[in-house]
Amino acid sequence: MGESEAESSLVHTLAIHSARPSKHLSFSPSFQPQILIHVCFSSREDVCKCGHLKTDHAAEAIKPEDYTGKSWDKHRHVREVPTDAFGDIHFGGLGQRTGKYARVSTDTDPEVLYNLLTEQWKLSPPNLLISVTGGAKNFYLKARLKNMFHRGLIKVAQTTGAWIITGGTHVGVMKHVGHAVRDYALSSSSMQGQVVAIGVATWGVIHNRDTLMSPEGCFPAHYSMDNTNQGRLSLLDNNHTHFLLVDDGTQGLYGVEIELRGRLERCITRKHLGNKGAVTANAPGHYRISGLTIPAVCVVLDGGPGTLNTMYNAMLNGTPCVVLDGSGRIADVVAQVAGMPVTRVTISLIHQLMKKFFGQEYETFDDLKILKTSESLGVEYWKRQLELAIAWNRVDIAKTEIFTEESQWKSSDLHRAMFSALVGNKPQFVSLLVENGVSLRDFLQDEQTLCELYRQLPSCFFLHKLAKRVHGSNPPLKAHDAEAQRDPGTDLFLWAVVQSSRELAEIAWEQCRDCTCGALAASKILKKMADEGSDVDEAAEMKELAAHYEKHAIGVFTECHNSDEERAEKLLVRVSPFWGRTTCLRFALEADDENFVAHSGVQALLTRTWCGQLSVDNPVWRVMICIVFFPLIYTGFLVFRSHLKPLGRWSRLVCLYSSPQVKFYLNIVSYFAFLLLFAVVLMIDFQPTPSPGEMLLYIWLLSLVFEEVRQMYINELWNILDVLSITLFIIGLVFRLTSELFYAGKIVLCIDFVVFCLRLMAIFTISRTLGPKIIIVKRMMMDMFFFMFLLSIWVVAYGVAKQGILIENESRLDWIVRGVVYQPYLVIFGTFPTDIDKTTFDITSCSINGTDPLKPKCPMLDENQTPVFPEWLTIIMICVYLLFANILLLNLLIAIFNFTFQEVQDNTDRIWKFQRYELIKEYYSRPALPPPFCILSHLYLFVRKMTLCGTSTMSREFKNKLPQTEEEELLSWEALMKDKYLLSSQMEQSQNMELFFYYIIIIIIIIIICFFIIYYY
């Protein structure tokens, strides 16, 4: 069913009384438009008291005998019926404008009209209501004033998503509003939002209204702007977008719509911002966006005494009025006295101004009264003004008119405005409110406020995970622990990051206490959201924002490192209570922030951790010599890090062998010895009864199993290889100890030896030269994996075609696989087949009937034992196959490999610095003794944990929980460095802008000089 049919059905099925049968019957009963028909008596033969001709009434409406002697009353002499005028209205002429209209009763519930506007006519709920009132007759506006009015009205309406409500006719102030809407429509693109101008007019005064009437609705109704025989009637303004035509059963009577318009405007202003529903109560301190009602403003041009009364009623309802000075009559009178002190506004002054601006019309006015209001405006008034400024998104007005030097605001007074600015994504207002006294701690003290902020977010994977955590089985925190772990700036920053609001997140980040950790956490969250999201453009924006916060983290940490290196290192490894008790370094690694990890300060920490208590200045060869000849450490041959007191003999020995660097070298030697023993057992000493060497191999492997269990994580390729190698070894050992599977066990162990050798590549990650090459190999393996899918298409296509042409009904599966996959694959590497060319065919190399299991089946032969396959076809096929597989695909693979190599090679240093962390962390936590001796360390740790219930210091893995006092001092120092970084960034931006302008000026001067040289010479 089309939109036009839907609207028609709505109007017919929702009337109070039963309507005539209609073909449109699918509307919800939320809208009940009615009009009035007449049951009147006539005092004259031709004209009724309602203003209609007697001939316009229905037959049953003329009942003079029932009403003789009674005065006419619209409440007694009219009744409501379903409307007969609704649909689309089409205005001819330039632009071919089309709008919506409906004829409604004066008694229509404004809620019904609001539902018509928002649900049936699909208008978005407004953020502001602009009620324009004033002169109902044509009046002159100077060009400057007219342009000012047009630009100002449309700017506010377009930027705030406002509704403009007027009288809807093509005269007076309504005509000026229509011209403003028209000018905007002609100058703007279709992508910009439409300005909504709603005309609420009296049905009985509309000229040419007969064209709007149809029981089934008009889609569209062609409305003519012809003013022939117009008389006292008025034309609808052809620039308005929607019309509500109010009918009370009379004709030619102006002002019928005023009461319904007022009720509709009050209904709209009771609605919540961003919500179509009704107002709901909230507990004190809970600030929901729906708790802010739609603000309204009354705009006045020209006008008479009725306009003044409208202004007075609007201000009593708390609606501000904007008066256009110079538009004439009452608007000019109000504008003249608006800036005066109340004591100077006298009756005689008003009389003078009224006489000046109204002329002869002034003589008809009643007595004047001056109603004085209190000079001091309450806090609630200014709160409302602030809400209006936020709805308009006019931060300039808030700065100059609301947040003045004389104004004194409490933080609690601004909480509602703060909530509105956050949900409305107005960062300038958020910054202004924070500058003028909003305390984030007070604002977010109640957790319901933060929960309400999250409810306003669109659904995303982050919210699903958050809901799981909230409704999970985790025990709740104690009250004092929860308070200690909450930082309002951090909470607000996380909320802004989740909704990808760059400006709001920037403001909140500046309020964070733990800013470096927060920036890295934001980088991780945004990258995760980008990976989970389906919108490519949105994902790119998130990744760009993640890089922005990584840059922030680097900037702050650089300032910290330049100021105090020791404190900067503490900042990297301190446990943050605000971010899940993790560290900055851990966040950077999980977010793959390679630039941050490659920072010289982070690398200095990793290098010192790698060397342990040994000085970083020791050459590698000295360390390796001392590993073998440890007494040299007592001679000064090896330098230790400086300590407050000199190290003893035993302490020096412990420091040497507990250094991750030394552990690494010992483990390399141990691993080579393990591989050598493994190879010897497989090639020389693999007996049915295990030999002592084989038993030693099993003990060695057991120590590796213990070490893998101690690490307890599988998130790296090397850990996966470790688990795979140990699993294969256990399977091979079980087979080997079974007599029936003895040889199969040896085969499994031989394959396992290959996996152990591949694991040896991990030692190259510590090398600045070879480490990135491991990354290249990993990425090339992924490239190869996807390339094989493409190659397999050609291999299988050629193999099946060749096998079907040459061989008839081969039944042996192994030889089918050889012919379809194996032989075409070997062709790529130069093994040319002999069975596709008759000149190279050898019948002795195949089995005629396929009975020899060691020979392939011969091609189809004739009676002379000569192959019958089409030689020309098989040769062409292999030529095409080699052309694509050997030349095209292999060169494509080489190009892919070259791209991958170049991509990694350009970032070699950064990649190496990033990947060395995992190796350093692994050997930082490893026992000092290498396998197989480390089994003793594992037994010691196990006994210690079972008896003392303690944890090893080696499990800390770059985590350091600071005392409360030291934590506060460190965060205060970090905040100081953050301010320094932000200041330097602003100065750098201003300098760049100055340089840019200087370059532009220089270029302009050069162009001018060149022009004069060319002109004169």
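If you go along the chain as it appears here, the first residue is 1 and each next one adds 1.
Keep in mind that glycine also has a Cβ here, set from the backbone N, Cα and C atoms.
All TrEMBL annotations are machine predictions without curation.
Marked as domain 'TRPM SLOG' by TrEMBL: 100-337. The annotation domain 'TRPM-like' is assigned in TrEMBL to 401-474, 480-599. Per TrEMBL, the feature transmembrane segment maps to 620-644, 664-684, 690-706, 718-735, 741-764, 784-801, 872-901, 995-1016. Under the heading domain 'Ion transport', TrEMBL lists 627-908.
Counting only same-chain residues 6+ beyond the ends of the transmembrane segment (995-1016), none has a CB under 8 A from a CB of the stretch. Across 718-735, 741-764, 784-801, 872-901, stretch 741-764 shows the highest tally of CB pairs under 8 A with the transmembrane segment (664-684). Residues 608, 611, 613-614, 652-653, 655-656, 661-662, 665-666 of the same chain lie 6+ residues outside the transmembrane segment (620-644) yet bring a C-beta within less than 8 angstroms of a C-beta in it. Same-chain residues lying 6 or more positions outside the transmembrane segment (718-735) and placing a CB less than 8 Å from one of its CB atoms are 698, 701, 704-705, 708, 711, 741-742, 744-749, 751-752, 755-756, 758-759, 762. Distant neighbours of the transmembrane segment (784-801): 819-821, 823-825, 877-878, 881, 884-885, 889, 892-893, 896; these residues of the same chain sit at least 6 beyond its ends, with a Cβ under 8 Å from one of its Cβ atoms. As a whole-number mean, the pLDDT of the domain 'Ion transport' (627-908) in this prediction is 83.
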